[in-house]
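Down below is the structure, laid out as structure tokens.
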């Protein structure tokens, strides 16, 4: 049966830890969409691991891992990340990771184009990671991209890459990009990549009887190309639909959909953020939560938890259970606010707005909770939480339509987790 872990907000919710926890029992762990723009950190046995394109199931020695068809793979980053994991003790990791032959190749060329496209936008930048994800997905949609399986065929990458470069040169003029170097490297990757490439359909059929399949979502619902705060989104489908499509899952095999919700809100890059706190509260959240992007190192924007957004996310992803993360970051606040409604021009909005400019204008209605002003870091039992912290959790649960909050994160370590049965 399949468990899918999905971000419910703007990403950086802390999906890595619950994925790590669930992967201990998983026989197969998969990434369905996105690329090396994603990033999360896992602390396991006092060792810190950073993941971007690779599934974090690699930490578990009995778990096979797949980078699925819906992803875009920057091959140098794939090998760099794999080497870093092996250097930290995961010696057999390269024997447990596979890539769909239908996944797209993200070239250095795409990263160069990403920067040029952002520069053209000037004051209206999307705030991408600069990793080339958008241009790569654009080439996929335009049917001129390169698939991973084609890397194994002599001459295919060179022919297609030269055509891509020529097209972008016509569009942007001279590029600060070494075409010959990238062609040379991919000629070398042809042999190096071969042991990792699989036919996903045959691979998934082979593992169809796996007792536990874990799908690791990247980014989050509000960054989804269709359902997110467009155009301030990533270029892939980051929700439930993307997981099913990117891995050709049988929907009837899905046992659990885990929505990961941070106890407050953060966002990296540009785009609307109704509950953002450009004040001492935001600075305190940023400092206490150590809110810097794993991929870019950029400081994350911080604000209060937004239940309007989370309810919208739940309506699309149909969570069966919630993992609430980083509750301990709120330990030292006198009061804690939660957004429960939006108004526009004095009128209550009945749904989450599709237009980014509308989200920029909404008036947020909050419910205010008294803080608990005591240390919850490392708590592992529900009864160890202060009463005010319990009330905060229970309120979120009600706002999510009764979807149970099964796990509560109380710190960075693997065992800093409360599980409510």
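Positions of Cβ are set from backbone N, Cα and C atoms, glycine also.
The feature GTP binding site is assigned by Swiss-Prot to 11-17, 39-41, 300, 326-328, 409-411. The Mg(2+) binding site annotation in Swiss-Prot covers 12, 39. Look at Swiss-Prot and you will find 12, 13, 14, 15, 37, 38, 39, 40, 129, 143, 219, 234, 298 tagged as IMP binding site, backed by sequence analysis. Per Swiss-Prot, the feature active site, proton acceptor maps to 12. Taken from Swiss-Prot, the feature active site, proton donor applies to 40. The substrate binding site annotation in Swiss-Prot covers 294, 295, 296, 297, 298, 299, 300.
Nearest neighbour of residue 14 (GTP binding site) by Cα distance, taken over the recorded positions 37, 39, 40, 297, 299: 40. Neighbour count (other Cβ atoms within 10 Å of the Cβ, all protein chains): 22 for residue 129 (IMP binding site). Cα to Cα, residue 40 (active site, proton donor) and residue 12 (Mg(2+) binding site) are separated by 7 Å. Considering only the binding-site residues 14, 39, 297, the Cβ with the fewest other Cβ atoms within 10 Å is that of 297.
Distances between the Cα of residue 300 (substrate binding site) and those of the binding-site residues 12, 17, 39, 129 are shortest for 12.
Residue 219 (IMP binding site) has its Cα within 10 Å of the Cα of none of the binding-site residues 17, 41, 297, 299, 410. Using CA atoms as reference points, the binding-site residues 37, 39, 129, 298, 299 were checked against residue 17 (GTP binding site), and the closest is 39.
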